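Contents: one structure, followed by commentary.
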Amino acid sequence: MGQGNSKLSSDDIKKIMSKTNYTSEQVSQILKDYQSVNQDSKGLSLEEFKSFFSIRFKDYDDASILHMFKIFDSDKNGRISFKEFVGALFIITKSPVSDKLSFLFDMFDRDLNGYLDLEESYNILKLALNTSVGLGFDVSQAGSFAEGLLNSMNRNSHGGITKEEFIKKASVNDTFVRMLCLYQSYDTLLY
């Protein structure tokens, strides 16, 4: 799938469906929406990303949208590919907590070693904090989760946290889960 992503192969659609639980129709609608803002077919620029998300998240300021853009631009090329776009939507829509946490882990395990190291964990926490601030949470509410995550990493000989450890630790922290899963009021606007 190139940056323009004008067509998805059936394998691409199946992969997206298996990772996100979106239906084939939803994937098609997401692609249509993506293409409607991807004017130059090179992936979403920051301005295109802002135009899509600012309609759906009216209370987000430019700094929050920029931060989301930087986080979801996983290859750091200044463009949001369709794969990155689907990831962004999946994270901010109402999906099962364990699926969302699994996806978060996969998205932030950039070196694909099966562990979140300190920097990768920090990036997840930044996402949660940025999201929560945009929704009116007190930033200090994430402190206990962050501390627990970092403490468990320090106790592990591998210097990181596995997907299973992350899901277990994150899913029992109501504050962290709410910070990432608060988009229920946006259900009708998102997928």
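Using N, Cα and C of the backbone, Cβ positions are placed for all residues, glycine too.
Residues or ranges marked as Ca(2+) binding site by Swiss-Prot: Asp73, Asp75, Asn77, Arg79, Glu84. As annotated by Swiss-Prot, domain 'EF-hand 1' applies to 25-59, with the evidence given as sequence analysis. If you look up Swiss-Prot, you'll see 60-95 marked as domain 'EF-hand 2'. Summarising the annotation, Swiss-Prot assigns domain 'EF-hand 3' to 96-131 and lists sequence analysis as the type of evidence. According to Swiss-Prot, the feature N-myristoyl glycine maps to Gly2, an assignment based on sequence analysis.
Positions of the features from Swiss-Prot, shown on the structure.
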residue	record	Cβ contacts under 8 Å, 6 or more apart
Asp73	Ca(2+) binding site	Arg79, Ile80, Glu84
Asp75	Ca(2+) binding site	Ser81, Glu84
Asn77	Ca(2+) binding site	Gly43
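Residues belonging to the domain 'EF-hand 1' (25-59) score a mean pLDDT of 86 in the model. Within 8 Å of the centroid of the Cβ atoms of Asp73, Asp75, Asn77, Arg79, Glu84, where the record puts Ca(2+), the same chain has further Cβ atoms from Gly43, Phe72, Ser74, Lys76, Gly78, Ile80, Ser81. The number of other Cβ atoms within 10 Å of the Cβ belonging to Glu84 (Ca(2+) binding site), over all protein chains shown, comes to 21. For the domain 'EF-hand 1' (25-59), the DSSP-based tally of helix, strand and coil residues reads 24 helix, 1 strand, 10 coil. Under the DSSP three-state reduction, Asn77 (Ca(2+) binding site) is assigned to coil, being neither helix nor strand. The Cβ neighbour count for Arg79 (Ca(2+) binding site), using a 10 Å radius over every protein chain in view, is 19. DSSP assignment over the domain 'EF-hand 3' (96-131) gives 26 helix, 2 strand, 8 coil.
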